[in-house]
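Trainee: Dropping the structure in here first, questions after.
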């Protein structure tokens, strides 16, 4: 569907190697990621079908947020830690407010009241609440410690606490995988409703395409990050805004598409599972992995959010997800309001350009 | 019922024009508003019955918070922006804690356990959560931005963000009206259970009374605001306290009365709809309208709450409303606790007199 | 079961009177409290059975948190107000995250999905939300007031507000007792499911044992508090950490044991009632009683939490409890996540040693 956008892949490569205008490199590589993410998702699914439900589920779960992880990894390697952290927050907000909002709104325009399993949504929002609150502990710790004058080396403490949080969250992630694939595989089986799909690609083909698209996403991410500084300046955006709004929209494009498609087919359980499940993944896997990958590439990335607005927005996101999920029903007005809150937050984040730099 | 209080209307007028004691003007005009609000509500209802369910619903929805809006408008015109903002917060807290608390407590004393539709309450609290969190974005933005030293012109940014928030909230309000009156008119039809009422007043009579009572409320509000400064000093109250506690009690008196009456008749769905619906209205209509009216009368009113206690109290109010609503049941103890939290907040707000002035 | 630990009772007495190493006195008295708390609980239950359901319920409700109250009282008498306050926060967090987490996790390992009454859990979490938010008002008030420069005597205002909060919370507690034992005795009757127990001890025996164990807990608490400063230094822990993590674990040991036992017997309603009910008790009875006892022994104890991390952790605890309770189901993964969040918080609190002292 979006495959014609692949034309931006060679354009981005050409611009990069001909030292073209960074703004155009930035835009071309960003657009090129969209179809590549779709292809990665498709190849993962093909492999997952061949692999059977357990290993396949694991594959889907692990590669679900691969695009985001790759972009963030290249930003991390380039030392753009604030962008990486902004993209984590932005991904959480984007999934809860934008992905879920679009799905609920567009689904709600077509179907008057859409129902979904309160039980499934209840388990998902409980996991969401616990995982995101765990992720926020270093930020709150830092906020608390700056209130105390004679507090030695908070930066390093922040980092040590972040590593501890990352390790605990990854353990919980492993627990979550074991839970979904072994002890409670029947419970969160939203995706299997889709019908018994038949794999269309051979395993070598799927593997080859997965490899090629992953490599391509990697290159595009490197171009994107390399042109980020100049492009954002010439576009009048802050790097923080790019990290918190643009990168998550690109990184989550696949989730957006499938959640909206399922919502319009009135399969709200799948839409809710994608939006909230993806948020849980960001908190339990993507964010902690980035802290540990930072250790590997020599970047001390902590999980401290320096903008209190981010912190409050994420907590508000949790409250909203709980509130939306609790009644097992949705309608277009709820979707409109989710989108409204997202737009207002984007507007507020837009006004933090010079600030995020000044904060350090 | 309260019509004998109309005697305070000529008293207030007499005191005002004879340049009487501001404290007595303040008290008389405040009391006179009570029966006038009831009469405005009655006249609106009469018109609504004649107008049929759609236009009638619109009338009721728009004029439901007219008293609050009128009082706040005169405070706005007089440049008392902190009082206006305090009355918005106070109205949200008053509806969730005091109106709902009184209804749940008094209803619960008469009926052991009262039930209400979880579905209806779930939709209402979802809308409440989203609308109030949207309203809080400027306050959180301001709180976040004051943490950054070299942040230029935050005041103006606050205002621009507040205008943006106001516009988005009013769009959501229009969406909400369309939702309740067109696409989902069967859903939130609490009020129609009341039985098919028959209009007793002719249209000209109802219109005339509505007009007269609105004008009278306007005059009383002007007297109230004019005497506010001297009266609050001589009563030992801060203007902030008057704005956050007294004005909302007066402005919401009609909601108090009807929510309690319905609760005692064991019609908890109506009581919950009034209390939470009125809170949603304040967030989606009254507050943004005041920002835009401020533009019209040359007052730059933003939506920033300068007292963090207000912010936290409102967020707590959301959590409480969600918590109370989720099980579809209420009892007197829950009512007692709602009232207890309100009393404690009133007590805390009472201690902020000199402070709210010193903050600027 | 734990009665062999009583050996630490004479050890602690011997060490204390021979002026032994404070660290050993600290450890021995702490361990000795564990079996004593169990014996106190057993004696209270025997008396409660004899007393009939109403008075018995009152006995159980009042003595349920006696151990915590006694330890905290001796810390209060010694002027260790920060330790007392930390133990209140720690007790709330310990009940929600550790007691409930262990019960849900261990119960969930044995039983795939455990169900409990949504209705019962809904009432409990509503009461929890309201009582804990009431308790937090002085802390938020203080946090708000420190943002204002020229605010006279905040310390005394904090205290006056705390006394007012304490009085209101105790009134609500009395309302709660009246509610559970008189107007709604059928509602929260979790404990009675246990079957009609027969008292095994005579009344004088039960009274004697209750008295003896209470006195012994008192002595152990005095030793514990007396050795706290030196012991915590030599153990490399802050007094704050001892107050927020160790004392609540000791004080709540009885709740831990019974909640886990009930969960493993698949009686999740009882486990949830114990964990959340005990948290409500801390907020409505233990904390306000300590403020009033402070007045009696000349210690101006307020309810202000000076570490914002505590405040946020408690609010997160409320959100988590609501989230866990709302679907009426639990599984081991939820338990693992509750424990994970507790471990992360303990880790963060561990890093506040020098800070809590420096703050004042």
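For all residues, glycine too, the Cβ spot is worked out from N, Cα and C.
Sequence annotations record features per position, and here TrEMBL assigns domain 'Sodium/calcium exchanger membrane region' to A:23-181, A:206-350. What TrEMBL lists as transmembrane segment is A:24-43, A:55-76, A:88-109, A:121-141, A:161-181, A:202-220, A:240-263, A:270-297, A:303-325, A:332-352.
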Trainee: Grab the same-chain neighbours of the transmembrane segment (A:270-297) for me: Cβ-Cβ under 8 Å, and only residues 6 or more beyond its ends, written as numbers and ranges.
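Mentor: Apart from its flanks, the transmembrane segment (A:270-297) reaches 61-62, 64-65, 68-69, 72-73, 76-77, 81, 84, 88, 91-92, 95-96, 99-100, 103-104, 107, 116, 120-121, 124-125, 127-128, 131-132, 134-135, 162-163, 165-167, 169-170, 172-173, 176, 188, 190-191, 193-194, 252, 255, 258-260, 262-263, 303, 317, 321, 325.
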Trainee: Should anything in the same chain at least six residues away from the transmembrane segment (A:202-220) have a Cβ under 8 Å from its Cβ atoms, list it; otherwise answer none.
Mentor: 9, 12-13, 29-30, 32-33, 36-37, 39-40, 42-44, 46-47, 50, 66-67, 70-71, 74
Trainee: Out of A:55-76, A:161-181, A:240-263, A:303-325, A:332-352, what stretch is closest in contact terms to the transmembrane segment (A:24-43), meaning most Cβ pairs under 8 angstroms?
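Mentor: Counting Cβ pairs under 8 Å, the winner is A:240-263.
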Trainee: Are the transmembrane segment (A:88-109) and the transmembrane segment (A:303-325) close enough that 3 or more Cβ pairs fall under 8 Å, when only pairs 6 or more apart in sequence count?
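Mentor: Taking Cβ pairs at least 6 residues apart, the transmembrane segment (A:88-109) and the transmembrane segment (A:303-325) are in contact, with 3 or more under 8 Å.
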Trainee: Residues of the same chain, at least six outside the transmembrane segment (A:332-352), with any C-beta under 8 angstroms of its C-beta?
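Mentor: Distant Cβ neighbours of the transmembrane segment (A:332-352) are 93-94, 96-98, 100-109, 237-238, 240-241, 244-245, 307, 309, 313, 316, 320, 324.
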Trainee: Sort out for me which stretch, of A:121-141, A:161-181, A:240-263, has the most Cβ pairs below 8 angstroms to the transmembrane segment (A:55-76).
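Mentor: Answer, by Cβ pair count: A:240-263.
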Trainee: Per DSSP, what is the helix/strand/coil residue tally across the domain 'Sodium/calcium exchanger membrane region' (A:206-350)?
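Mentor: Final tally across the stretch: 121 helix, 2 strand, 22 coil.
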